[in-house]
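Colleague: Annotations per Swiss-Prot:
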type	residues	note
DOMAIN	1-124	domain 'RCK N-terminal 1'
BINDING	G7, A8, G9, E10, V11, E29, T70, G71, R101	NAD(+) 1 binding site
DOMAIN	230-348	domain 'RCK N-terminal 2'
BINDING	232-262	NAD(+) 2 binding site
DOMAIN	368-448	domain 'RCK C-terminal 2'
Amino acid sequence: MKAVVIGAGEVGYHIAKFLSLTHDVIVIENDEDALRRADELDVQVVEGNGANADILASVLPDVDILVAVTGVDEVNIVACMTAKLILRAHPGWKETKTIARVSNPDYIDVPVTSRAQVGVDIMICPELALASEVAEVLSNPSAIDAEMFAGGKVQMMEFAIRPDNRLVGKRMQDIELEDCCIVSAIFRNNDIIIPHGDDFIKANDHMVVVGKPRAMADLENVFGNEGPHRNRILLIGCGIVGFYLAKIIDKDENADLKVIEYRKSRCIEVAEMLENALILNGDGTDVNLLREENIEDMDVVIAVTDNDEKNLLCSLLAKQMGAKKVIARADRSDYVPLFEMVGIDIAVSPREATVNEVLKLTMGKGIEALATIEGEKAEIIEYTASGQSKIVGKPLSKIKFPKGAIVTMVVHDDDVIIPRGEFIIREGDRVIIFALSSAVRSVEKLFK
């Protein structure tokens with residue numbers, strides 16, 4: 001398959017990086033620094049304006065997907081519109097799916113939508129995608145990440161093992177998991193471990209668990225984290241991300257939501273649109289204000305202003321003053337590990353949320369769902385096994401799997417199975433695989 005990515009900034013670079021694992025990718029960019037960085041990838045680089053008709057016409061033949069993710073909404077929309085006009089003038093060319101990154105709430109009010117009538121098959125809003133991701137994390141109090149697969153039959157959750165967790169120092173075989181759950185991977189510092197029974201659990205490990213949703217709901221007890229129950233939530237910053245997230249939380253009858261916003265006019269505007277939340281005009285770094293609002297009693301503090309440094313400071317203050325769990329927005333991808341290194345429970349990125357959404361929409365043949373983990377170091381991928389797949393019809397022990405990839409779950413009809421070496425995958429089975437990013441291309445070949 002062939003893909004065009006317009007814009008090689010934070011978002012475009014990472015989309016091109018991942019698409020290049022399964023697609024032939026062309027990157028269009030006019031910034032010299034971004035061009036040099038994109039040139040490090042296994043992609044073709046074209047210098048120029050991605051909305052230019054001549055440039056688009058030169059790359060469009062045989063393109064399956066065009067993704068416009070520059071930092072300017074109008075450029076992204078015009079690029080998609082122009083591509084569709086060019087395709088109409090060349091009916092023999094392959095039909096191209098167009099995807100545009102759009103942030104302005106005047107254009108989009110949901111994370112993902114379609115504007116096919118103007119030439120944009122899919123619009124994605126990074127800020128709203130991020131808000132949805134945070135809301136998903138809030139619905140699973142002890143988890144730092146969560147995704148559904150196989151139409152809701154399989155769930156992935158990632159847990160951070162705190163130093164005081166009762167599992168620290170124990171072996172994997174000592175974890176009492178139900179038969180329908182499996183620990184797929186452990187992230188430890190910069191290492192990724194495919195665990196075995198005699199592996200020890202260490203403080204600050206991140207553990208990826210896959211299983212049936214019913215069993216996953218009980219994992220809070222297994223992992224021993226004192227998970228908050230979404231009751232008392234303080235949201236700092238009510239821009240696009242904050243407001244969309246506030247709307248989601250505001251509908252939860254069990255949530256007691258307070259919002260801190262420094263712009264008085266925005267406070268008045270938001271107060272008229274939220275029914276249950278308490279809106280406070282102030283600065284999220286004001287220690288006196290935080291103390292007045294009893295931050296030590298907060299179950300969750302979420303800092304989602306448009307400024308990474310302010311989010312970091314707000315989060316550190318909240319943590320120091322006793323908040324149970326802190327979530328912070330980090331627009332710069334290199335800040336995410338830094339935030340977590342200094343004690344922020346969860347760092348979330350609009351860029352990563354957007355990459356996840358684009359990858360879901362550009363998945364290759366046979367791929368039903370996909371989620372990136374730990375800053376895109378690994379992926380959980382759901383495939384449907386076709387009759388031609390190399391993985392079908394023989395025991396798993398006889399299949400040469402690439403290093404860094406394992407089959408975690410198989411859904412056969414309505415049965416969810418943790419496969420062993422003698423298990424045989426059949427045509428039509430849904431196969432959930434954990435794979436390091438370096439192993440994804442090799443895994444793809446097994447399903448062709």
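Yeah, the Cβs are placed from backbone N, Cα and C, and that goes for glycine too.
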Colleague: Please count the residues of the domain 'RCK C-terminal 2' (368-448) that DSSP assigns to helix (H, G, I), strand (E, B) and coil.
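Modeller: Its residues divide into 13 helix, 35 strand, 33 coil.
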Colleague: Please list, in sequence order, every residue of the chain apart from G7, A8, G9, E10, V11, E29, T70, G71, R101 whose Cβ lies within 8 Å of the Cβ centroid of the NAD(+) 1 site.
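Modeller: Here the nearby residues are I6, G12, Y13, A34, V69.
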Colleague: Among all protein chains shown, how many Cβ atoms are found within 10 Å of the Cβ of T70 (NAD(+) 1 binding site), not counting that one?
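Modeller: Taking every protein chain into account, the count is 25.
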Colleague: Within 10 Å of the Cβ of G9 (NAD(+) 1 binding site), how many other Cβ atoms can be counted across all chains shown?
Modeller: 18
Colleague: Which has the fewest other CB atoms in a 10 Å radius around its CB: V11, I236, I240, I248, I260, the listed binding-site residues?
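Modeller: Comparing Cβ neighbour counts within 10 Å for the binding-site residues V11, I236, I240, I248, I260 gives I248.
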Colleague: Looking only at R101, R232, the binding-site residues on record, which one has the least crowded Cβ, with the fewest other Cβ atoms within 10 Å?
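Modeller: Fewest other Cβ atoms within 10 Å, among the binding-site residues R101, R232, is found for R232.
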Colleague: Which one is it: of the binding-site residues R232, I236, D252, D256, whose Cα lies the shortest distance from the Cα of V11 (NAD(+) 1 binding site)?
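Modeller: If we rank R232, I236, D252, D256 by Cα distance to V11 (NAD(+) 1 binding site), first place goes to I236.
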Colleague: Applying a 10 Å Cβ distance cut-off over all chains shown, what neighbour count does G7 (NAD(+) 1 binding site) have?
Modeller: 28
Colleague: Sort the residues of the domain 'RCK N-terminal 2' (230-348) into helix, strand and coil with DSSP and give the three counts.
Modeller: 48 helix, 27 strand, 44 coil
Colleague: Averaging the per-residue pLDDT over the domain 'RCK C-terminal 2' (368-448), what integer do you get?
Modeller: 89
Colleague: What is the number of residues in the domain 'RCK N-terminal 1' (1-124) that are helix, strand and coil, as DSSP sees it?
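Modeller: Split into helix, strand and coil, the domain 'RCK N-terminal 1' (1-124) gives 44 helix, 33 strand, 47 coil.
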Colleague: Near Y244 (NAD(+) 2 binding site), how many other Cβ atoms are within 10 Å of its Cβ?
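Modeller: Around the Cβ of Y244 (NAD(+) 2 binding site), 24 other Cβ atoms lie within 10 Å.
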Colleague: Measuring Cα to Cα, how many Å separate T70 (NAD(+) 1 binding site) from I240 (NAD(+) 2 binding site)?
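Modeller: A Cα-Cα distance of 18 Å.
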Colleague: Cα-Cα separation of R101 (NAD(+) 1 binding site) and I240 (NAD(+) 2 binding site), in Å?
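Modeller: About 15 Å separate the Cα atoms of these two residues.
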